Amino acid sequence: MSVELWQQCVELLRDELPAQQFNTWIRPLQVEADGDELRVYAPNRFVLDWVNEKYLGRLLELLGERSEDVTPSVSLLIGSKRSSAPRAVQPASPPPAVVQAAPVAIEEASAARTVDAQPVAPATVRTERSVQVEGGLKHTSYLNRAFTFENFVEGKSNQLARAAAWQVADNPKHGYNPLFLYGGVGLGKTHLMHAVGNHLLKKNPNAKVVYLHSERFVADMVKALQLNAINEFKRFYRSVDALLIDDIQFFAKKERSQEEFFHTFNALLEGGQQVILTSDRYPKEIEGLEERLKSRFGWGLTVAVEPPELETRVAILMKKAEQTKVELPHDAAFFIAQRIRSNVRELEGALKRVIAHSHFTNHPITIELIRESLKDLLALQDKLVSIDNIQRTVAEYYKIKIADLLSKRRSRSVARPRQVAMALSKELTNHSLPEIGDSFGGRDHTTVLHACRKIAELRETDADIREDYKNLLRTLTT
């Protein structure tokens with residue numbers, strides 16, 4: 001079997017996966033042919049296990065479809081194709097079912113690796129751009145040039161938001177107006193907003209693009225009232241090509257500011273100018289905000305930005321390490337991503353601490369170094385999210401007793417919440433499958449594994465389960 005055939009199948013898989021998943025898990029693989037067998041090398045155990053569980057089955061299907069009468073034989077190894085004398089190891093979990101494929105050997109090739117962890121301070125460059133309109137009023141729009149579409153890591157949690165933002169940036173005035181992005185802190189809403197502004201200016205350097213926090217809008221209005229210059233204030237904000245306002249929830253209970261923004265908003269939309277807004281919650285849930293504003297925010301497209309899933313968290317860490325010219329091993333990124341789950345800001349903050357610790361101690365980035373540099377943060381995470389806490393939260397959410405989760409009852413009203421609780425325990429704690437099973441009435445690890453896979457399937461097909469899981473995840477991690 002040829003390497004070229006493998007590469008063809010990899011290219012087909014590339015079309016099926018988000019870019020960051022492909023770059024994180026598939027691109028690092030190396031391959032060489034040995035007669036009818038292909039040897040595929042992963043850089044470490046974490047990549048090997050993940051590829052084996054998530055992607056190898058599909059790759060074998062593609063190989064089987066294109067290798068005619070030859071049954072594809074693939075060995076998955078740890079190391080590189082320059083390594084010699086591979087030694088067999090047992091897989092951490094059974095490989096996925098494949099179609100007409102020979103058993104996959106999972107092996108390990110010894111390969112020494114060193115990490116040169118020299119931190120480079122990330123550049124944060126802001127574009128201070130004065131926008132001037134008739135009447136002489138000037139305003140400096142602080143767009144952060146570091147926030148672009150190119151360095152935004154896309155995943156399931158932000159895929160729709162990113163696509164909508166790109167549509168607005170590439171086709172302003174004819175896309176979604178207004179575009180309303182909402183979600184918790186540190187999830188990428190501001191990044192997308194800056195990315196839109198930067199792209200608009202790249203396409204048209206003379207465009208009047210204004211980015212500001214909602215409190216700045218309030219401060220400008222108050223100052224205009226004090227200076228008896230409210231007409232200039234109105235003229236300025238209603239003449240821009242794109243108005244980008246962050247954290248719109250701060251307009252709550254500010255009646256005069258809401259009144260002025262209401263008329264500004266109407267004028268901009270009537271003039272075909274683009275409006276992008278962000279908030280930490282769905283517009284209908286912003287208390288103290290006038291109903292007419294909530295209604296108008298729904299005229300365009302409202303998109304949620306969710307906390308990133310594990311694959312996206314790993315990709316974010318690898319991307320950040322690449323930007324700062326630090327070599328971050330995959331297993332180290334995986335270790336951090338498994339434990340820091342709440343938002344991107346905390347994830348990047350944890351990575352900065354690890355890089356600094358590596359630099360000051362002159363030691364490479366390893367799991368041991370990460371444990372030491374993040375010991376207070378990891379201890380807090382373990383304290384906040386425990387299996388007991390998950391069981392209590394799930395029981396309250398579904399209005400059942402904790403004893404029901406631990407019982408042998410198999411009715412749907414109990415079995416499904418139990419499976420949800422097991423899946424959350426696997427995602428949010430560091431306990432092994434047997435430990436989780438033992439915490440749920442002495443069940444074995446295969447029951448936990450089945451529950452996790454079942455909930456993963458239902459989250460793709462059942463809107464109610466997907467919403468339940470999202471709500472519980474938010475409750476447990478915020």
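Note: Cβ is positioned from N, Cα and C throughout, glycine not excepted.
The feature ATP binding site is assigned by Swiss-Prot to GLY186, GLY188, LYS189, THR190, with sequence analysis given as support. For 1-90, the entry in Swiss-Prot reads region 'Domain I, interacts with DnaA modulators', with the evidence type sequence analysis. What Swiss-Prot lists as region 'Domain II' is 91-141, and the listing cites sequence analysis. Summarising the annotation, Swiss-Prot assigns region 'Domain III, AAA+ region' to 142-358.
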Hey, of the binding-site residues listed (GLY186, GLY188), which one tops the CB count within 10 A?
-> GLY188
Go ahead and report the DSSP secondary structure tallies for the region 'Domain I, interacts with DnaA modulators' (1-90): helix first, then strand, then coil.
-> 43 helix, 19 strand, 28 coil
Among the binding-site residues LYS189, THR190, the one whose Cβ has the most other Cβ atoms within 10 Å is LYS189
